[in-house]
Structure formats: C-alpha cells, structure tokens
Amino acid sequence: MSDIQHAGYDVVKNINFTGGFPTSKDLAPSAVFLVAYVITIPLLIMRLFRKSDRTIVLLRPTLFVGARVAMLIMRVIMSRRSYGIGSLIGELILTSVGYLFLIDPYIQCWRRHVEGNVSRLDRPVWLKPLAWSLWGLLVISIIITVLSGALVNKAFESQSWLTAVRGLRHAGFILSMVVVAVTAMVIVVTHYQFKLPTWKTLYLLIPTCCLVTVAVFRVVQSFTDNPTAAVRSRAAFYVLQMLFEYITYIFVIAVSLPGWYPGDKTHLTNIRRGTGGESQAGESGSKAEYPDSQPQQTRSSRTDRLIIVRLVRHLSKRKGTTTGKKNGAGDV
C-alpha cells in the first residue's frame, strides 16, 4: 500500500481520481496499453516528417501520445511500489489533460472538411468563429484541469481547498464534454446541410462519438461519490476512457489528414485544372467561388472573341475589294 493510502486517504479519495489510486491490479492493463501506444510511434513519426502527410494538426496527437506514454509508465511503476503525493499529482494531471489533446484535431479536420467541399460564397459565416471558439474553450479546459491537479496537495490542508479542487475538476470535465458534444453535432449538421462526402464525415463522426463517450464517463465518474459504483471501477476506466481514447487516436494517424481534409486547397486545384493555368491572380478569387461553371465561361468568351475577329477580317477584305474596284474604274 502506498504512502498516500496511509496518510490522507479519506481526504484525497473524495476528489474521485480518474482511474483511482494505482495498485498491483493496474500493472497488466497499463503495460498492455503502453505497448499498444509504443508500436504506433513509428507511424506517427512518419506522418510528422513525410511531406505529403505533414500538418500542424498532428502536433496535438503527438502531445497526447507523450502524455499517455508517460502516464502509463508512471502507472506501471506506481503499481509495483509505494508512491508519494508528487507522483500522484503528476499521474493525475497526465491522465486528465492527455485526453484534451485529442479533441482539437477533429475540430480542425471538420472545418477543413467543410472548406474543401463548399465554395466560399456558400459556407456558413459561423464556420471559422465556431471552430476558434471551440478551440478557445478547449484551451480554458486544459488550464483548469492542470490547475486542479496542481492544487491537489492543498486538499490535505483544509476542506475548502478540497472543495475548490473538486470544483475545478468538475468545471474542466464539463467544459470538455460541451466542446466534444458541439463538435459531434456540427459534424452531422454540416453534412446534411451541404451534402458532404459521407465516408469522410463518418471518419470524423465515429471517433468524435468515442470522445463524447470518454467525456460523459469523466463527468459521471467525477460526480459519483459512491466508491463501489461501477463507474468508479478499474474496468470502467480502462474500457470507457483508455480504450476509446486509443480508438480515437488510431483514426488520427491511420490516414493522411492533408490528403483527406485539405481545406481550401481543393478549390485552388479545381481552378488550375479548369482554366488551363491561363487565369491571372486577379481572377483567381472570383473563379474560386464557381469552380464548376468557370471553364464553360472561358470557352464561351473565347468563341465570342473569335467570331468578332473573323467578322472584322471579313469586313476589312470587303472594304479592300470595293476600294480596288473603284480605283480600277477611275483608271479606265
């Protein structure tokens, strides 16, 4: 039994640590998930450095993997020997914050999914503001969660500090649940509103639903005071959080995100293909709004110019012929 469980156990247990206090029973599942994450690192590194896959969106999953690997290593060590308050706080912060780094990639991919399939004139005005708002709420949630973990040692001093720590944890968990719930909702709404590709929408919606499951589990677990409740069991933690997080993470690295969700680059590519590279920079903005109709307009304008040129040449020839005849008559 750890030092924490000997001293202040009755106080700290009221915080409802996600995953509970690491014991010998955590050794096997923690080791399994540790191996599962480690074997994905080469693929993640390839995505980060290969030019066709490289995107800033992958930085968040990288932070998530770092947090999860560190947390699982700590959990394996803590399951084998006694630990102090410092180790517990570190493990708590890594467990709570790591999940939040998985949310932003799906917010960004959803925005790019809409931008890559909807012209600028047809896009909703709330697209970018909503994406930025969700990102801002996510940052606030990260700050609150880190702060609640850093103040855990204060919970030993007084009941007021314990209440403050629990309040911060509840606020951070609820805020992250709102963010993922709104993300899942707008993925569905924009899909039906703009007739987006179904398979790409599902590739975002399925892992986002996994994130919603994790968020709901975290909130319910943190508000459950009964230590014997099923939601506070070790099995619930490893299935409803660890497993669903891993599934969500695999969705991020399994495909090339710039290829699947390129954003506005899709429209720029369509413009170049449709105009044959002859459009000027000043015209590219207007052509981006109507990528399908622009080639027809270009061919029509060329035809009109050709007809006018031929008509002018024909009139010039007739005029020259008439003048020649008049000059010939004068000579006679």
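Backbone N, Cα and C atoms are what each Cβ position is placed from, and that goes for glycine too.
Please treat TrEMBL annotations as automatic predictions, because they have not gone through curation.
Sequence annotations record features per position, and here TrEMBL assigns region 'Disordered' to 271-304. Under the heading transmembrane segment, TrEMBL lists 27-45, 57-77, 83-102, 130-151, 171-190, 202-223, 235-257.
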Contact set, same chain, for the transmembrane segment (27-45): CB under 8 Å, 6 or more residues outside the stretch: 58, 61-62, 65, 68-69, 72-73, 75-76, 79-80, 234, 238, 242, 246, 249-250, 253
Counting only residues at least 6 beyond its ends, the same-chain positions whose CB falls under 8 A of a CB in the transmembrane segment (171-190) are 96, 99-100, 103, 106-107, 110, 113-114, 124, 130, 134, 137-138, 140-142, 144-145, 148, 196, 201, 204-205, 208-209, 211-212, 215-216, 218-219, 222
Hey, does the transmembrane segment (83-102) touch the transmembrane segment (130-151), meaning at least 3 C-beta pairs closer than 8 angstroms, sequence gap 6 or more? yes
Do any residues of this chain, six or more beyond the ends of the transmembrane segment (202-223), have a C-beta under 8 angstroms from a C-beta of it, and if so which? 16, 18, 96, 99, 102-103, 106, 109-110, 113, 166, 169-170, 173-174, 176-177, 180-181, 183-184, 187-188, 191, 231-232, 236-237, 240-241, 244-245, 247-248, 251-252, 255, 260
In the same chain, which residue numbers or ranges, 6 or more beyond the ends of the transmembrane segment (57-77), come under 8 angstroms Cβ to Cβ? 19, 22, 26-27, 30-31, 33-34, 37-38, 40-41, 44, 47-48, 83, 87, 90-91, 94-95, 97-99, 101-102, 104-105, 108-109, 245, 249, 252-253, 257
